[in-house]
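According to TrEMBL, the features are:
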- ARG27, HIS28, GLY29, GLU30, THR31, SER32, TRP33, ASN34, ARG78: substrate binding site (BINDING)
- HIS28: active site, tele-phosphohistidine intermediate (ACT_SITE)
- GLU103: active site, proton donor/acceptor (ACT_SITE)
Amino acid sequence: MASSVAAIEEEMEMEIPEGYAEIVVVRHGETSWNASRILQGQLDSELNEIGRQQAAAVANRLSKEPKFNAIYSSDLKRAADTAQIIANQCGLKEVILDEALRERHLGDLQGMTMVDAQKMKPSAYKAFLAHKRDQEIPGGGESLDQLHQRCVSSFQKIASQHKGERVIVVSHGGFIRELYRKAAPNRKLEGKIQNTSVSVVLISASNNRWFVKKWGDTSHLQGIVMLDSGFGGDKTSG
């Protein structure tokens, strides 16, 4: 199954460059809220049956790769459950939960559909769709700049603790889009971050160098439904 975000690979194969950490980034499996096009933000929602199948598929894929030293996850249930399925399959004893890996806080829009948000929270709805980097969302929501800083800071911290190692991070569509913005600033990201898509970045925390090794790979989802009409993973991710 082809990914909606084309896989992008740098000429960096096999060995991890000295001083770098290799971070395999996975978006959580599908939730019923994704399917219902509800803005999740930092509210908790659970994996649906398709989401659990996706998590099992990505876990099987990663279990066949070279050893991982650790797995980190957003503490939101949809990500943490995906991570636990991966950890069990890959023989990792503990999922390290970190609230810094959460999805963007969407303020007053959390738990609403876009249609309802437009009617009931028009100022928050307009702020969300403005896509201005410094625009916070009414109700305590983050700006894209704030999300970006949180993303970069959390990954720099992980990279500094795992030089020369491979680790897995399970997070969310909006968060992962900001990761790409940092790692490939001169490339425009098209399409969605699909549920349980696999991306790989190399990070040197000491000199703040980031490289994309692979992006948006969903080859492990052959035979499993991907809900292209579902919400999340694009520029209005949440």
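Each residue, glycine too, has its Cβ placed from N, Cα and C.
Any TrEMBL annotation is an automated prediction that lacks curation.
Feature map: TrEMBL annotations on the structure.
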{"residue": "HIS28", "record": "active site, tele-phosphohistidine intermediate", "Cβ contacts under 8 Å, 6 or more apart": "LEU47, GLY51, ALA55, SER74, LEU76, ARG78, ALA79, ASP81, THR82, VAL170, SER171, HIS172, ASN195, THR196"}
{"residue": "GLY29", "record": "substrate binding site", "Cβ contacts under 8 Å, 6 or more apart": "LEU47, ILE50, GLY51, ARG52, GLN53, GLN54, ALA55, VAL58, ARG78, ASP81, THR82, ASN195, THR196"}
{"residue": "THR31", "record": "substrate binding site", "Cβ contacts under 8 Å, 6 or more apart": "GLN40, SER45, GLU46, LEU47, ASN48, GLY51, ARG78"}
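GLU103 (active site, proton donor/acceptor) sits 10 Å from ARG27 (substrate binding site), taking the CA atoms of both as reference points. The recorded positions in question are ARG27, TRP33, GLU103, and the one with the fewest Cβ neighbours inside 10 Å is TRP33.
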